[in-house]
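TrEMBL has this to say about the protein:
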TRANSMEM  20-48  transmembrane segment
DOMAIN    40-289  domain 'G-protein coupled receptors family 1 profile'
TRANSMEM  60-78  transmembrane segment
TRANSMEM  98-119  transmembrane segment
TRANSMEM  139-163  transmembrane segment
TRANSMEM  192-215  transmembrane segment
TRANSMEM  236-260  transmembrane segment
TRANSMEM  272-291  transmembrane segment
């Protein structure tokens, strides 16, 4: 095998080795957040699927967001926990490429899905009389499929290109998962074109949904302010609040990492910011969406209170 072509069969994920004294504490904290993330997002998928009252576009998008969070967490956290517990920090070349592929793919899909959710809120508040017609089942399905497919070409292209470069002697990735910037630091050739493409792709992926979200919310706020009753304004505002908080969390962390070019963010700061969007945000999303949401609370009580979760009771006979 030519040494320049593929001189790397494995990498070492440094993870949090700079915090040696905190390994057990980090393991316990991250494991707890991992379990909350999995439980919360699975519950959202279960109640949004089983409760007919939640068969609306908003919960259909929310269900897909929960699925993205589950996939994203499973892609990164179990490997990170193994590194913390067993000091087993080795990751094979192909596993690293696969992990990076899913990181790019899922982040892209989430960006577009948050844009679709903003459009749904815009139609619900600014065009309420046309909502049922505009946000019909077919359009929602097409939007969700588009969001899932959007990440495939970019993640394939970026991963294939990055892992075709020759790597230097060092096998140590200064991160707890295979992300573009830390892997790029190990490359032994000129990566200017690749970095340019990453920057352009990030701007497009982050900016297009962000502009859609911003435009939707300018219209939404304008409509809310014109509502005659204070109760109506409050209710409309709270239907958007959860989505706005999730968008702010996602963009403030993911944007900081991926809009910065190579090595402008210190490795340890990068790990902290990445920890917030790989572990904390996926855990907070279901909490944010269900905490102030009476529909979700009611659906949870209904689903688990009546033990419908385990027995296949036919739903159509229920009287509304």
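Even glycines carry a Cβ here, placed using N, Cα and C.
A TrEMBL annotation is a machine prediction, not a hand-curated record.
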Best-contacting stretch, by C-beta pairs under 8 Å, relative to the transmembrane segment (139-163) and drawn from 60-78, 98-119, 192-215: 98-119
The domain 'G-protein coupled receptors family 1 profile' (40-289) [mean pLDDT, rounded to integer]: 87
